[in-house]
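Below you'll find the structure, written out as structure tokens, and then a few comments.
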Amino acid sequence: MNTTINIILFGIGNVGSTLIKQVLATNATISLKQGLNLEIPIIANSTTAFFKTNGIKNNWQTDFEIFGFPYKINDIIRYIQKEELGNIIIVDATASRKFVKHYKAFFQQGYHIVTANKIANTLSLDYYNSLRTTILNNWTHFNYETNVGAGLPIIETLRRLSDSGEQIHKIRGVFSGSLSYIFNTFSEKQLLFSEVLQSAQQKGFTEPDIREDLSGKDVARKLLILAREIGLQKELSDIAVESLIPSSLEEIHYLNDFNLKLNELDRYYSDLKVKKSANHVFRYIGELDVLNGTLQTKLVLEPKTSAIGQLRGADAAIEIFSESYKEQPLVIQGAGAGSAVTARGILTDILKIAKQLNTFKLVEA
Ligand SMILES: NC(=O)c1ccc[n+]([C@@H]2O[C@H](COP(=O)([O-])OP(=O)(O)OC[C@H]3O[C@@H](n4cnc5c(N)ncnc54)[C@H](OP(=O)(O)O)[C@@H]3O)[C@@H](O)[C@H]2O)c1
């Protein structure tokens, strides 16, 4: 008999709603091939939840609008208990700091978590380590592949290398889809920097306030997640983050005022471009030098011929140098952002846990 996996989905924006579409579209195949029934009995946004014991169907948006109601987290836990739903996987497709506060309580209930939200993995080391203790003590699973490079298997690859005793020497990569697009385009095309930013905004690659992207903090968070994944006890404050906003524009508070000074930004980047040789391109990278213990994010000139130099569009790429990949790095490259690849990465994380639960059931029987 098939094992039913109950997905409780928080966040039904770009990524969450795409995940629902993918689960509903692939359920029959997954059931046939893997003996797993994926159900989504609860969906919620920041204010409203919708419950359906046997799982939502294609008309979920209408159902959510008509039958959704204001909720508290305890309502969710009570409903799961009342309906005796087992094999619970909480999916966090929010970017909410507030929601992360519930993670420990979920693990203590025996629920597993799959998250696209980077916050839990970038809070203080004390929190990070205590979360791992809670996970272990409750025999639960925590998957977060989409925290770095969306659907690309970066965290899994690093974990496998690290778990097999492989010494990682260095990790460097372009981790941000928006900054990848901005510098891939700026390096190749005769456009002003502000024109490239505008194009990135129009394509939906950037945060509403472009300074979030230009601050380099998102790349720093991803680098921290990778560093911690290979066992380095690092804090966000240990990372030397190079901001892409020239110092003359750093103090500006309001976005409108910043936008009025874009000509200064253009001047700054045009000056940099004059100094660039024809066989190099700009890339904003995160770099973790394990041997020296340094973590930095920075704008570099990269040879056009390297893996990172050859990036196109909004792709991400990571190079892993290690004991076995000393001269030529192991390279993972591909679409590093977008709701379809991110939702697929979440679904892969869900299935990894589901398969373990299924094996456990077979062993118990
Ligand atoms: N898009 C990508 O390419 C990509 C790639 C990798 C990772 N991610 C990550 O995926 C996550 C979701 O991204 P997105 O683009 O789908 O965002 P989004 O479109 O803004 O959707 C966010 C969803 O989260 C809900 N939410 C916010 N706070 C909540 C709370 N406390 N409890 C329950 N739900 C809450 C929002 O509900 P309201 O409408 O009520 O606020 C909304 O439904 C983010 O962490 C993002 O960093 C995205």
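Even glycines carry a Cβ here, placed using N, Cα and C.
What TrEMBL says about a protein is an automatic prediction, not a curated fact.
Note that the coordinates shown come from a computational prediction; the quantities given were computed from them, not determined experimentally.
Classification of LYS222 (active site, proton donor) by DSSP places it within a helix. The Cβ of LYS222 (active site, proton donor) lies under 8 Å from the Cβ of LYS118, ASN147, VAL148, GLY149, PHE175, SER176, GLY286, each of these being in the same chain and 6 or more residues away along the sequence. Per TrEMBL, active site, proton donor is recorded for LYS222.
Per TrEMBL, the feature NADP(+) binding site maps to GLY11, ILE12, GLY13, ASN14, VAL15, GLY16. Close to ILE12 (NADP(+) binding site) in the fold, though at least 6 residues off in sequence, lie ILE20, ILE43, ALA44, ASN45, PHE64, ALA93, each with a CB less than 8 Å from its CB.
Around THR94 (NADPH binding site), the same-chain residues six or more apart in sequence whose CB sits under 8 Å from its CB are PHE10, GLY11, GLY13, GLY16, SER46, ASN117, listed in sequence order. Summarising the annotation, TrEMBL assigns NADPH binding site to THR94, LYS118.
For GLU207, the entry in TrEMBL reads L-homoserine binding site. Every protein chain shown contributes to the tally, and the Cβ of GLU207 (L-homoserine binding site) ends up with 13 other Cβ atoms within 10 Å. Under the three-state DSSP scheme, GLU207 (L-homoserine binding site) falls in the coil class.
In this model, the domain 'Aspartate/homoserine dehydrogenase NAD-binding' (11-138) carries an average pLDDT of 97. Here TrEMBL flags 11-138 as domain 'Aspartate/homoserine dehydrogenase NAD-binding'.
Annotation comment: TrEMBL describes 153-351 as domain 'Homoserine dehydrogenase catalytic'.
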Sorted by sequence, non-GLY11, ILE12, GLY13, ASN14, VAL15, GLY16 residues with Cβ within 8 Å of centre, NADP(+): SER17, THR18, LEU19, ALA93, THR94, SER339
Contacting binding-site residues for ligand 1, chosen from GLY13, ASN14, GLU207 when the Cβ sits under 6 angstroms of any of its atoms: GLY13, ASN14
Within the domain 'Aspartate/homoserine dehydrogenase NAD-binding' (11-138), residues counted as helix, strand or coil by DSSP: 66 helix, 24 strand, 38 coil
VAL15 (NADP(+) binding site), number of other Cβ atoms within 10 Å: 24
Cβ-based isolation winner (fewest other Cβ atoms within 10 Å) among the binding-site residues GLY13, GLY16, LYS118: GLY13
Largest tally of Cβ atoms lying within 10 Å of a Cβ, found at which of the binding-site residues GLY11, ASN14: GLY11
